[in-house]
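Student: Here's a structure for you.
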Amino acid sequence: MSKFWRYFLFLAWMSYLLVCGVLLFSRGFLLRRQVQPEKSRCIGNIYCSNFSSEVGSQGIEADCVSGPSPLNHLVGHEDLCSQGRAKVVLVVVDALKYDFAYYHSTQNPRAYENRLTILKDLIVKQPDNTRLYKFIADPPTTTMQRLKGLTTGSLPTFIDIGSNFASTEINEDNLIDQLRSKGKKAVFMGDDTWVGLYPHRFEREYPFLSFNVWDLDTVDEGIKKHLQPELKQNDWDLLIAHFLGVDHCGHRYGPLHPEMTRKLDEMNTVISEIVESMDNSTVLVVLGDHGMTNTGDHGGESEAEVTAALFIYSPLGLLPQSWSPKGGVVRQVDLVPTLATILGIPIPFSNLGSVIIDSLPKTVAFKHVGSTLQNWQFALLSLWSNVRQAMTYIETYSSRNNEFTSDKLLSLRKAFSSISEKVKNIANQEEFLVIVEEGSEFLTSLRVLCEKVWVQFDTYSMTWGLIFTFVVIMVIFLVIEALQGDEITFGVSGSCLSFAYVCLVLCASVSLLLGHLSIIQNSELVFFISTFGSSFVFLAIVLAANTGAILSKWGNISKSKSWLELFWRTICMLSLWAMASNSYVIAEGQILSFFLLSLIATMVYCYNVPLEELSGVVKNKISKSRFAWIRSQIHPMRLRTITVAFALAILVRATHQFWKCRDEESGCNNQLPSEPSEPKKKDLGADPNCLIMLVCMALWVTFTRMWLRSCGNLTGYSITVLFARYTPTVMAVCSGGFWVLQGLPGDTRSRLFKPWQLQILPWTVYTLSGVSLASLIWRPLCVFVVKSRNQSPTFSVTRSENPIPQLYNQMKQMIGGKKENLNQNDSTSSSENSSPVVYGLATVYSASFVVLAVILVPAMGLLLGARWSPALVLCACVATCLLLFISILRFENVIVSVQLLATSWPAVVCWSLLAQYAFYGTGHQATFSSIQWDAAMVGTSGNVASSRFVPGLLVIVNTFCSHILMGLLLPLLLIVPLTLRVIRPQWAAVAVGDHDLSQGELMIYQREDFAYRSLTTLTARYILLQGVRSLACMFSATIHARHLMVWAIFAPKFIFEAVSLFVTLPCVLFSFAFVGRITASVESLVNYLDPSNSKPNKSFDKRR
């Protein structure tokens, strides 16, 4: 096994263990609540059978009993439920914010205000028949979780948000299944999420694809096509119509756009037509599943996101508002028992809502019936059924779990007994109102209790996850920092790695097999612990065998007293410990910017110009001259360093214009207005962001091509060179063109193009980027070889051609070091005219990574969109300046050339800080509502062969583009100092000259063993920094597990950090392997130049 593969497998091994630790912690922290299998049951009023046909013939069902007292059997029959009072038309207007439904008395209404005039008219004209509530959703405010709450009455757990794009069938007790069990029918039309949650449950269904948030009309038009014909049918009891246009309009344009006015006007027309078509046996329920922010986003728990609207209308009239203690605010889960009561079905077993009494239809009395339930008696029956169902659920749940304390359960039981006794002896409406107050308080306290202890953390998994992650981080640190030379080679020896991987495979196979055979119940936990345990044994052997070296190196590290060492360690510790502060998490983007620039300023301050670069007087009398320090400060090398640092600071500051504010940030205003102002003109196609995007992409492609051309890496006609020369330009044009077309008004765009035609441009970008990357991996060298100088008398390299002749016998030393150094003066004159010329060989490594960057940036810019892609270009420029800055400083203490291959800790910390900061600099935040969902529709229309993998992947690339880019370009920290020395030698001051530096980047090939070791150290340090951040977030989430802001701040932060780690690990491993691929290609090139490998007098040039 070669050393390259040993190092690579070692890094992959450590990455796997890190992933296991984080996943194990997630398994304990992000739990789903336990779903109870029970189904609620109840029987209709047993005394109605004698005249049910007479009541049914009039199209209205009434509650009835016979006997002296209508409530004699209320408590005795605990499974008693009322007859259905009406059919229900349930209109779900996705993202119907309360402000959209409430009428605002203003002369200048906004685009979304006062558009639903039908609601206002009904409330004014028929106040006893209508109700309008603030409809409070339980976070997370994503559609799939809201639909679960609206049909089961249960509260969602936090991790359920991950299922928003992979809806799975609901088997928990719910309204739809209860309808079917009672022989009633439901018809559905609209958002296909319902079909995923309830497959084969509807009598008729008309689903439409819901993921394309750019499509404002397809779903809504499909519903309108089927709605009126279904309203005329008489075979359904529940009709569900889920409109998506308002939500999609918010995502794409925001609530202040004229398109929002158009969509709300459409909803107003739809509701009006439903009201006109309704009969007296129907209740209309119009609701929003969640709200939206001023930018049109949702998913979090801000007031704007959780406050939706609920409107109820019944031609028969509704029970008095004075009977309900809720006022004008209800919870979304309260709708479930309310609908169950109206439909005459059992309340779902897991429901935690409280029936909305004043939204129930009034009863209808029939004189020929011996006795009927009065309105207050019907309300009492509904409330008692609700209370009994909730108490049964808690008793069942607590019998299987120890989540509820005994004193809490005792308090609930006492309250339930009190209500039960009062129900048995109730005699009039006044006593009923007292029971309503107590019943509502009981149901509220029960729901609050469940909210507090809903997610019981698996402390066992969380503890082991923290331990595993901490141990892996410490092992990586000790192996990389404390073990040097032969020790680290032993740590990654072939035998050790082989045994470790065999044990990993065996442990994984055995645990999965035992789980498949049901021999063990918790196979996932066994899998994690067994694989980590076997790995720890081998790592412990390596560390135990090198205890002396570890202690010695640890002592030297602890004695370091340089200001720079202390400062970067302080920054790292502050950024980690501050993860426990919610204020830091909220303002992390600003603080990371401060940390990055502060570290750069400290590196400038601590920079000492190499003595070889100082003047003779200063060099000889440096300790005597009073002006020595001043002269060193105004030396051109220091001035260059300050200039680059200043440019870097300006670029970082420029990215502040692209920050996106969090809801928790008071006084924060988005620099780029993500809340669009209401346009005054109908022509909305002029978007300055598109022009800025085109200019930025054009500058990026132009300057990178100029650099590659100046280095000689665009010479020739190889497939990689051709792709590098032409595809970035085409990709940039296609990316900009796509967003320009998307900026056109919808009607104009639809007239000019078909939907599939608009997807040609992004698919062109995807195809070109994929083919270019494949060719780059296949043939990574951007070089051009001329076997003899005599063959190229008329070939022009570049305007800045700077050939660096190298003798063949020097190449022999570089390849194997086995040939003796021959006399260069004798060989040069005889082989000068016949030596081959290789254009671009001095920058062979960096050129491949530059081509990789110039391909990735336009592709990522396409996903970021016109608004945020300039930020990505700025961040790429910041990375370029940072590489130049670090490279200049790298020459400070260089004595021999091989020291250039060792990357310092401050450089890696700067690179890591930039990766983290660029996440915020490209318009992202660690909140779900800030995710840029538009990326999912770029080239997919939200649906690729009915798969959501591709849209989800596009969203991940959009969100973590900074981590992907910085991870893939990580080896440039090692490579660029060599590039700077050969391209701009005046910028690379070296105290002691070394002939190897004239080789440029070929020194990596020449010193292959040391280069791989240094690259392993660099990669491991970067992984270490990313892993430590995840560990800090895990620790913070643990200590704040019961904190008020855990689900709003700490849990999302942990999830985003964990995903960024999972994204970073394959990227850095790919970049490591890519360096090995380049080295192998260089070796093939050398063998091509000298097939016989036995001609010591042959030479060749490597040219820029």
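Each Cβ is built from the backbone N, Cα and C atoms, and glycine gets one as well.
Unlike curated entries, TrEMBL annotations are predicted automatically.
Take a look at what TrEMBL says about it:
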- 7-30: transmembrane segment (TRANSMEM)
- 462-483: transmembrane segment (TRANSMEM)
- 495-519: transmembrane segment (TRANSMEM)
- 525-545: transmembrane segment (TRANSMEM)
- 566-585: transmembrane segment (TRANSMEM)
- 591-611: transmembrane segment (TRANSMEM)
- 691-708: transmembrane segment (TRANSMEM)
- 720-740: transmembrane segment (TRANSMEM)
- 837-862: transmembrane segment (TRANSMEM)
- 868-888: transmembrane segment (TRANSMEM)
- 953-976: transmembrane segment (TRANSMEM)
- 1054-1075: transmembrane segment (TRANSMEM)
Student: Is the transmembrane segment (7-30) in contact with the transmembrane segment (953-976), using at least 3 Cβ pairs under 8 Å (sequence separation of 6 or more) as the test?
Tutor: no
Student: Does the transmembrane segment (462-483) reach the transmembrane segment (868-888), going by 3 or more CB pairs under 8 Å (6 or more apart in sequence)?
Tutor: no
Student: Looking at the transmembrane segment (691-708) and the transmembrane segment (525-545), are there 3+ C-beta pairs under 8 A, with each pair at least 6 apart in sequence?
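Tutor: These two segments do not touch.
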Student: Which one, 7-30, 525-545, 566-585, 720-740, 837-862, has the most C-beta pairs under 8 Å toward the transmembrane segment (591-611)?
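Tutor: The listed stretch sharing the most Cβ pairs with the transmembrane segment (591-611) is 566-585.
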Student: In the same chain, who gets a Cβ under 8 Å from the transmembrane segment (1054-1075) while lying at least 6 residues past its ends?
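Tutor: Answer is 7-8, 11-12, 15, 18-19, 22, 26, 29-30, 777, 780, 845, 848-849, 852, 915, 919, 926, 956, 959-960, 963-964, 967-971, 1004, 1015-1016, 1019, 1022-1023, 1026-1027, 1029-1030, 1033-1034, 1036-1037.
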Student: Assess whether the transmembrane segment (525-545) lies in contact with the transmembrane segment (837-862), where contact requires at least three Cβ pairs under 8 Å among residues 6 or more apart in sequence.
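Tutor: No, these stretches are not in contact.
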Student: Please report, as numbers and ranges, the same-chain residues at least 6 past the borders of the transmembrane segment (7-30) whose CB is under 8 Å from any CB of it.
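Tutor: Those are 157-159, 457-470, 472-473, 475-476, 491-492, 497, 500-501, 504, 524-525, 528, 531-532, 535, 1012-1013, 1015-1016, 1019-1020, 1023, 1027, 1030, 1034, 1037-1038, 1041, 1051, 1054-1055, 1058, 1061-1062, 1065, 1068-1069, 1072-1073, 1076, in sequence order.
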